[in-house]
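The structure under discussion is supplied below as structure tokens; questions concerning it will follow.
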């Protein structure tokens, strides 16, 4: 193949003549004149400081000089060549700017200090152009990022934000010192006091509501929520009428529900006090027409904007709001309503998508420094109550859990019940699955009651159980799915391993061993000797050594009925009524007086690092577990038994710390306590247990034999498998890459759930993020085997920041979606549910959340026939 030059005659093949390496826009002479004028005249400083910031100067030396001048001027000290040189020297910057002689150079170059303000305008223009160049460079980078797979909508939005920041001259820092914030805050407090308690915000038009909230403040997100037909859109328009018609401040409504004509008709009905039904039907009287014409002329100049574009996305709302902020000094945004918004993206659930809208609206409020009112629809919770009053929990989309549900903490490694979190008010770090299906620590920022609802018990093939309402989402391969939509045979996520807690605390090994022995095979009842029943002499020796930590000794009593050793003080007798050190130690751990079916693992063990967790499990297994090889079936048997379900769950949780997933079986017993067994299945997990945990005492020999047998070919049940639907994704990707080789094209293979090794092999051949996460993530895909209603119970939920999920009872569950709102107003109208209600004509604004003040219920009059709410007579 030949390479030829196909340029036309006369065309030069040299690079373009434009110099792409030229300096950014700047005017050093103007910068020097500005600084020279400021050094000569205090009046010049006053003219310049409102126009320039240190970052507007191109030369870093000029930035330092300008900053020093402003600092001296702010302290009331003179700012001349001598004092500025001293200030720069104190900061260690004098040599960097060229020494004291350079300050005199600045003074000598200024034509006249009287024109310093004009010179500052030149510097500001050049700074604006530089920022435009910088923004353009970043936009180009965003464009290339979009070509390489970044989300296009996000790229466009970031590009718009860059240009908006340039036009708005907002070069904000990521952090601001407290001293720079104190005076503006004092000014705001003074303004509030001088205006009779009303902040410089947007008045809602409702006297009592404004008294509580001090108006709608810049940067706030306000949610107005109600059931359909109660009047939430009307209230949003009332806020806009107060803002734009009464106070002549610009407002905009992005309406996804009503058309422009419907909105204008409602506004005219409210302002002219004409029945909306008469306007719609054309039955207006002459007086109505007169009032309408008069009011139209009065409100026609109101800076009120309406956008009824269908299928509005968050990106479009941001772009339009930014333009209005520049064009009309926008003061209020209303979005009607939240659940009708679309994103154009694929989210794991609608709940997460709505939560993202909420978060972006809050960010928009902060960016534009205006209040954003988001209209939202409540779930059916109010209709199920006798008084029909809405609660904050009705605003959330997720389901609820019972008080006994245990949440896995990331700070201590232990579990804590929802009910306990409600009582204590604690908000701990919890383990959560991120988008890569990896366990990460995230804060649980809220825990709250959700009333009394029907609860279902969901049981998995592994024996794990959780009690939740039908609306609570569980994680399937396809995404988060409410319990009511799950069916037997579905696969949902549970953690296959859990990291060490954030705050690990080592225990003395002697205490750890004694604790494991006492939990596994000990007795510590009140008014009885503390006993331990060893399986063999090696285990008795371990207890004898470890008991010394609490000044105790394992002593075999001589009388026949004793049969087992007692743990008691080794040296002295205690006065009557005093606990032994061993009993006091067990009581401090919450184990003293616990019977076998009440035992559990203390929090101190969960706090221990993983090597100590393995040591604890080794001695616990020696006391109450079994490890053996089954030659008949050609597989290993590893299990632990107890009459305490809580203890079994705790052991299962500890096994996750060493990367082992276990299975729980139930053995009912008539006339006694049921028993439970925890099994470790599969050669891979059994080998891991034997190598990283092991057993102590006589069973150690059996464990070595079992490990030897597991090195050969053994029966291995395919328990650790991925959902069968993953094959569709694998096949599509392999087919697209023409990689359907013999290893992954066996006809029978596609009919069954793949073991984790197969997606792992596929992931090595195809570049698919979902397959990668499935093959390497921390999610175990357990199978639903039973869903049973257990009646109505009081339920609770929580909110986890960022990832929006947590581990409860060993299962990954979605959380409630915390609203990002600063203010939540729940609208309640008694006669909406009962026309004969004695409070007919009244409505309640329930201020359910108020980040900067108290909550309260404000009663107003509803005049929905006039499309408005009104203040009640006081």
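Glycine is no exception: its Cβ is also placed from the backbone N, Cα and C atoms.
Quick paste of what Swiss-Prot says about this protein:
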BINDING   226, 227, 228, 229, 230, 231, 232, 233  ATP binding site
DOMAIN    195-462  domain 'SF4 helicase'
DOMAIN    582-660  domain 'DOD-type homing endonuclease'
DOMAIN    612-874  domain 'SF4 helicase'
REGION    1-25  region 'Disordered'
Helix, strand or coil at residue 226 (ATP binding site), per DSSP?
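In the DSSP reduction, residue 226 (ATP binding site) maps to strand.
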What other residues of the same chain, not counting 226, 227, 228, 229, 230, 231, 232, 233, have a CB atom within 8 A of the CB centroid of the ATP site?
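Neighbours found: 377, 827, 829, 832.
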For residue 231 (ATP binding site), list the number of other Cβ atoms lying within 10 Å of its Cβ atom.
21
So, by DSSP, how many helix, strand and coil residues make up the domain 'DOD-type homing endonuclease' (582-660)?
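Counts, helix then strand then coil: 43 helix, 14 strand, 22 coil.
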Report, as a single number, how many Cβ atoms besides its own are within 10 Å of the Cβ of residue 226 (ATP binding site).
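Residue 226 (ATP binding site) is surrounded by 25 other Cβ atoms within 10 Å.
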What is the total of other Cβ atoms whose distance to the Cβ of residue 230 (ATP binding site) is within 10 Å?
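Around residue 230 (ATP binding site), other Cβ atoms within 10 Å: 23.
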So if I draw a 10 Å sphere around the Cβ of residue 229 (ATP binding site), how many other Cβ atoms end up inside it?
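9, counting other Cβ atoms within 10 Å of residue 229 (ATP binding site).
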